[in-house]
């Protein structure tokens, strides 16, 4: 069972979640750039070696070639997208919890928290799918050297011109497959660790900063353990030329398994896990700090 210290307010969750999202991007974007470059690097010609041999090699080559700011390429799109997305994500989780309560002081079970988290995954996909498509396209063009898009807005315009709204939302089903179960895992793990780390007779809202960072970081790792295989398929699908995969993700999965085997579904694993801990620790700390401030400033809401 999880302990609920005060009535759930989806509205406060919305604002605190947005602040958590900004903290997450600042902490995690460099490793996200590396993850996408590793997942989408071209297959080498016979006798040639891969462009990047692994996470640290990609990190080193990016800094040498593009400087430290190269790691923050394409960050405007996630900041613009992630702030409302995390706001909506935490709002969805708050709403999912509230909908399952018969009384304001009901304590939710872990399966109920998982279900509330899954609802937040559905909410975020509407914002997430186009944002992710644009981010992936901008990140790989820096690596491949051909500049097709001047920036996020130019990318949206070109995609819309070519294929209408469908072009912008390409990969939505895969984003749902990734985010719905992963979000359930994310929030359930966080609440479970928060409760486990709370000393007897205390409330989870009194947790120390290191405990919040640990619970948030581990929630990120559990979230990605579930999300990586669909994420690899999604990165491939969203950056592929039009018409390459007529049957959608089934074609991507078939090609990956045939050419590179099962391990290819966990491409970029090191980069994802290295990023997941600090980024989500920063996110939940930002969320809890913002929540404390909102509860203090607007106790009645």
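Glycine is no exception: its Cβ is also placed from the backbone N, Cα and C atoms.
Whatever TrEMBL says is automated annotation, not expert-curated.
Looking only at the repeat 'Solcar' (8-99), the predicted model's pLDDT averages out at 88. Positions annotated as repeat 'Solcar' by TrEMBL: 8-99 (among others).
Taken from TrEMBL, the feature transmembrane segment covers 12-31 (among others).
The transmembrane segment annotation in TrEMBL covers 75-95 (among others).
Taken from TrEMBL, the feature transmembrane segment covers 107-129 (among others).
Residue counts for the repeat 'Solcar' (108-196) under DSSP, split into helix (H, G, I), strand (E, B) and coil, are 77 helix, 0 strand, 12 coil. Annotated repeat 'Solcar' per TrEMBL: 108-196 (among others), in sequence order.
Each residue in the repeat 'Solcar' (207-293) gets a DSSP state, and the totals come to 73 helix, 0 strand, 14 coil. As annotated by TrEMBL, repeat 'Solcar' applies to 207-293 (among others).
Among residues of the same chain six or more beyond the transmembrane segment (75-95), those with a C-beta under 8 A of the stretch's C-beta atoms are 8-18, 20-22, 24-25, 29, 32, 116-117, 119-124, 126-128, 131, 134-135, 138, 151-152, 183, 187, 283, 287.
In terms of DSSP secondary structure, the repeat 'Solcar' (8-99) contains 72 helix, 0 strand, 20 coil.
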